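Trainee: The feature domain 'Kinesin motor' is assigned by TrEMBL to 3-333. Marked as ATP binding site by TrEMBL: 86, 87, 88, 89, 90, 91, 92, 93.
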């Protein structure tokens, strides 16, 4: 079983960093996979990744190592995801889009343009039977709402889970693209609608997470099948420290939401990599829109690559270390990819099936029955239906994840009820204390009156 491919990119020093620290850097390269980073106290930390791209690296090299295998996989009906991660101003969007999505010299093209070119070049050179078509969607997650960048009237797209396509964005605009130029024009119009703002660290800071979604269909007329692969590029908004960005007002609220979703992403990575094989573990995918959309990519149902973008400057060493630790953790995410296809079984009705590499449906169901009774399995299925959760019956991992999700929500409800009860008990306890105090005062007053009467009687 493979793991997530994780690479690191150290961008060139920017003018602000050069003016403050000159050409000093906190990174010492060892080789193409390992390096040492110094923190603000000059303490050294060693890191090793699949590949390290130092200052001056070419985007073409990053594409060939990180993205090209995923592009080829999409044409073979294997889903793939490429994510850029790092602090604000670390070079994520530049790595993804280059200096300009349309008017850009070949050498400076970003990952996005190269993926587009790679898809159409692979289709042109393909000797496989059938007709290929590509559809493009583009959305952003802004203030925890999913917005369609091709149709701004769709500003709260719902996230659904399908047995066939996994996580889907219900109603998101899909644009058919037939060549690279057409694709780049569509992408340019979507990028123009993306939320951006100015901070002290970035003149054009992304205020949202942006997803570029390519769906590649291969129609096999002779076999009456349609195979499809989904390729998602994710340009994450950067983590921010308010004291450095100087964020205020709306920009500050955006920063809070961005940081919260990135925290949720970190929690999912920790849960995925900390789980014990064979033991159900709750993965909090539903804690944010970002982690919910990336559930397939983070849960091992996709070829996933992560590009950790960092500043080499000593002024950003703490943020760079945080990014690198996230990447080191993500390297342990395991992937078990599968081929997706839709077969026409009777010429009138499409039956959708998944072909998995390791196990058939009956084998999975047999394993489930080893863990629980038949009645329990049936009850679990009914519970999923009642909860509105869709799961793939061919995947024991998805069933367990859904089961754990329901369990988690049930436990959360119980916790809430207990908290409310505790609040009620605390209120009653406070009232009892006040009552006891009042009673004590009354008893003391009564005793005082008795003493006065006794004194008067004696006199």
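Note that Cβ sites are derived from N, Cα and C of the backbone, with glycine treated the same way.
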Trainee: If you count Cβ atoms within 10 Å of the Cβ of residue 92 (ATP binding site), leaving out that atom itself, what do you get?
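Mentor: For residue 92 (ATP binding site), the count of other Cβ atoms within 10 Å is 26.
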Trainee: When you measure from the Cβ of residue 93 (ATP binding site), how many other Cβ atoms are you left with inside 10 Å?
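Mentor: Other Cβ atoms within 10 Å of residue 93 (ATP binding site): 25.
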Trainee: I want to check the contact list for residue 90 (ATP binding site): same chain, sequence separation of six or more, C-beta distance under 8 angstroms. What comes out?
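Mentor: For residue 90 (ATP binding site), the qualifying residues are 11, 238, 309, 310, 311, 316, 319, 320, 323.
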Trainee: For the binding-site residues 89, 91, which one has its C-beta crowded by the most other C-beta atoms within 10 angstroms?
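Mentor: The residue with the densest Cβ neighbourhood is 89.
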Trainee: CB neighbours of residue 88 (ATP binding site) within 10 A?
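Mentor: Residue 88 (ATP binding site) is surrounded by 23 other Cβ atoms within 10 Å.
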Trainee: Using Cβ-Cβ distances, find the residues under 8 Å from residue 86 (ATP binding site) that belong to the same chain and are at least 6 apart in sequence, listing them in sequence order.
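Mentor: Result: 92, 236, 238, 239, 308, 309, 310, 319, 323.
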Trainee: State the count of C-beta atoms found within 10 angstroms of the C-beta of residue 87 (ATP binding site), not counting that atom itself.
Mentor: 25
Trainee: Looking only at the domain 'Kinesin motor' (3-333), what is the model's average confidence as pLDDT?
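Mentor: Here the predicted model's pLDDT, averaged over the domain 'Kinesin motor' (3-333), is 91.
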